[in-house]
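A.B. asks: My questions will all concern the structure given below.
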Amino acid sequence: MSDYKNTLNLPETGFPMRGDLAKREPNMLKRWYKDELYQVIRKAKAGKKTFILHDGPPYANGSIHIGHSVNKILKDIIIKSKGMAGYDSPYIPGWDCHGLPIELKVEQIIGKPGEKFSAAEFRAECRKYAKEQIEGQKKDFIRLGILGDWERPYLTMDFKTEADIIRALSRIIANGHLLKGAKPVHWCTDCRSSLAEAEVEYYDKTSPSIDVRFNAVDAVAVCEKFGVQAPEQPVSLVIWTTTPWTLPANRAIALHAEFNYQLVQIEGECLILAADLVESVMQRAGITSWTVLGHCAGSALELLRFKHPFMGFDSPVVLGDHVTLDAGTGAVHTAPGHGPDDFVLGQKYGLEVANPVGPNGCYLPGTYPSLDGMFVFKANDVVLNILSENNALLHLEKLQHSYPCCWRHKTPIIFRATPQWFVSMDQNGLRKQSLQEIKGVQWIPGWGQARIEAMVENRPDWCISRQRTWGTPMSLFVHKETEELHPRTIELMEEVAKRVEVDGIQAWWDLEPAELLGDDAANYVKIFDTLDVWFDSGSTHASVVDARPEFQGNAADIYLEGSDQHRGWFMSSLMISTAIKGKAPYRQVLTHGFTVDGQGRKMSKSIGNTISPQDVMDKLGADILRLWVASTDYTGEIAVSDEILKRSADAYRRIRNTARFLLANLNGFDPEQHSVKPEEMAVLDRWAVGCAQAAQADIAKCYDKYDFHTVVQRMMQFCSVEMGSFYLDIIKDRQYTAKSDSLARRSCQTALYHIAEALVRWMAPILSFTADEVWNELPGKRAQYVFTEEWYGGLFGLAAGELMNDAFWADLLAVRGEVNKVLEQARADKHIRSSLEAAVTLYADNELADKLNSLGDELRFVLLTSQVVVADYEQAGEDAQQSEIGSLKIAFRKADGEKCPRCWHYAKDVGLVAEHAELCGRCVTNVAGNGEERKFA
């Protein structure tokens, strides 16, 4: 028996079947950075229209987690896909470097400033620590395949950036948005500092829920409002609170002007309660019998006075819209120093802003004898005892509720009135302007707009001052007596900024006031407050986007972060940009959800369900992680588990195998020498290129809409359905058995080449390492890297007016699917082992029969059978099976003739040529003749 193996065009490629990504990717990275790939891309894209994604800076503390990976991979996909779409899309990664978490870490290492180290030395240690953390995170981000200017990232602790943060504050002051006041702010007693809204998390906490009597000072006057005479018993207004420790700071009781209040008589006393809440109060207090003596509107009780249960002063009734009927008594204990609503109401009525609590959360001396020096949360029980002793406690129970906690310490926080600096929301119209700007931004998903609008509508003034060591100084001078800002504040801040640009933030603490103020220094003091870290990152649209030459003075096109950043970075950036520029800092805002495990649970070290991106990369490779991110609908929760990653690895293999098939069958193909003109190609080959053209249009559109999971689905459909289960199956015969330089084979290779050129570009934004690998195996002259390219422009398709147009091949796909069902059953019944052992008869109506017959003898190649006959639908016998195509029945039988050992087809003409006695006539033509001709498939 002769060996005809060397007459076949067997596939061959250096592109391995196994990705072995964990080992191969690090070597690719070395080449990328040796070649300075990021700069290569910048040079290639120079002069193109810019697309700017501004990186929200991660905090420079700790290793990156799976959420960081999601965020950075999504950004990288956008950057790379925009490059493919013809944009110059630079990426400047950044880090948030100041703030409390780093201070706490450094305190653990060297102690608090002032103990063994000066504040200046402490800041230097903080800077050093942040730098070390950045290097660790940077290494992991690079390992993910994220391309960016890693040699020149932006850091909020860069001297120039620190100076520009100070300049941003000066512009806010110049535009009239800065406000100073003793307002209640979120205060962490562990941090001993105010917290921003974004630094507050909510956890369940059990608190005492109490109803407290405030006895009427003038019961006669009170009862008159209810239209009744004063009874003999005491009359009290009942308030409800879950923070007994705030009662020493009570200065009023708030009612709603329009609510109906009732004077209710119970055994031994009369109570004033909101009419709608009387029953619930009585029920929880265990009171079964009561009589309503009278009623009046809340407004009728305004400014009537009630005795504080134990502080020895009176509390007036004030009216506030924040009073609700959701719970409680309809009367709200009001402590202007311990709550924003209380503060606003207190301002309206001129109430004292009492703050009896120190920075450590303990009562100040002189508050109340048994409370002085006690921590507020421990004081709750003492306050309850005092209330009981004074017969003021109507009812006590425990309530589990959501309570604000410090994001760092996870401990409950308090509202505490302290002198602070604020960006005012209403002093100069910032709230109104911000709400207007929100409307001009595209929010993805769309619900983001309503969310941030609600936040802006309801947010208090932004407290931007902090009493910390490691942060950008506010750089302000205030008058010793009036506490007014220096009249030359803007000019002075610029002088400070110039010094900070040279020496960093330490320049402010080293500065002697006289150096800038001269004789004025005697009347002014330096403010040592630092800026909220959210001010640092929120001003990077000015300190980074406006300043870096790569961005060419353009505003950011998109901000992309987790959905928690509506109240964080998106908010602070919007506030600062609107305050200094009068416009939003972004055109689009895209948010992604948080990572959860396969059961939808939040990632937690205590549960043990965390997945480390480093472990995934070491085991599976970064491209699997990237494909998982791209495959997920990131607008909701993003599930990850070993099983989910395994599915991503399976999907990866299908894409890799498609790429490998293309490359292996381009062996010996030079696009410059061997490409076939479209009009000379087999129709099926042109159809396949047209499929790629349609897929590319869909994929490019989805990339543009940031719809990456649909990109992956479309790519998988193309690889698995249009190519894998149809086209690539069909062409194997022609590719392997036709003469190597025949038109039939070169037509096929031309199609494969165009498809590979397109596919590698679709892959590049997501499967960056694999795309680079494919790119280096593709034949022909090309740029060094796929990342400098644009969507492939060499695709073409079938004309709609052609007989064998896309609709024709869609029908053929359907017919082949029905034939496959019959052959699968025959295989299951052990009638055949391979479809080439089969002959099929297709009984079709005239319209379908004409289509099938138009392919002539090449129909068998489309169906992967050795023989096929097309017959009239009405002639079908009982052996023919009705298909799901109404006009088609299919009959199966074993193929006639013998098996050709070269092409494996069964044919009657095997052995008719003596010199090649084992071959079919077609193979003889391909081996010893001019080669077969293929017009269609």
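Each Cβ is built from the backbone N, Cα and C atoms, and glycine gets one as well.
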A.B. asks: Tell me which of 427-431, 482-486, 602-606 corresponds to the motif ''KMSKS' region' entry in Swiss-Prot.
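C.D. replies: In Swiss-Prot, the motif ''KMSKS' region' feature sits at 602-606.
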A.B. asks: Looking at the ranges 58-68, 223-233, 531-541, 641-651, which is given as motif ''HIGH' region' in Swiss-Prot?
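C.D. replies: When 58-68, 223-233, 531-541, 641-651 are checked in Swiss-Prot, motif ''HIGH' region' belongs to 58-68.
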A.B. asks: In the same chain, who gets a Cβ under 8 Å from the motif ''KMSKS' region' (602-606) while lying at least 6 residues past its ends?
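C.D. replies: The answer is 65-67, 594-596.
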A.B. asks: Tell me the coarse DSSP state (helix, strand, coil) of Cys923 (Zn(2+) binding site).
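C.D. replies: DSSP call for Cys923 (Zn(2+) binding site): helix.
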A.B. asks: Please report how many Å separate the Cα atom of Glu561 (L-isoleucyl-5'-AMP binding site) from that of Cys920 (Zn(2+) binding site), as a whole number.
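C.D. replies: Computed Cα spacing between Glu561 (L-isoleucyl-5'-AMP binding site) and Cys920 (Zn(2+) binding site) is 64 Å.
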A.B. asks: Please determine which of the binding-site residues listed here (Cys903, Cys920) has the lowest count of neighbouring CB atoms within 10 Å.
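C.D. replies: So among Cys903, Cys920, the binding-site residues given, the one with the fewest Cβ atoms within 10 Å is Cys903.
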A.B. asks: Would you mind checking how many other C-beta atoms are within 10 angstroms of the C-beta on Glu561 (L-isoleucyl-5'-AMP binding site)?
C.D. replies: 21
A.B. asks: Kindly state the mean pLDDT of the motif ''KMSKS' region' (602-606) in the predicted structure.
C.D. replies: 76
A.B. asks: How far is it from Cys920 (Zn(2+) binding site) to Lys605 (ATP binding site), counting Cα to Cα, in Å?
C.D. replies: 67
A.B. asks: Could you give me three numbers for the motif ''KMSKS' region' (602-606), the DSSP helix, strand and coil residue counts?
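C.D. replies: So the counts come to 0 helix, 1 strand, 4 coil.
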A.B. asks: Between Lys605, Cys900, Cys923, which of the binding-site residues has its C-beta surrounded by the fewest other C-beta atoms within 10 Å?
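C.D. replies: The binding-site residues Lys605, Cys900, Cys923 were compared, and Lys605 has the fewest Cβ atoms within 10 Å.
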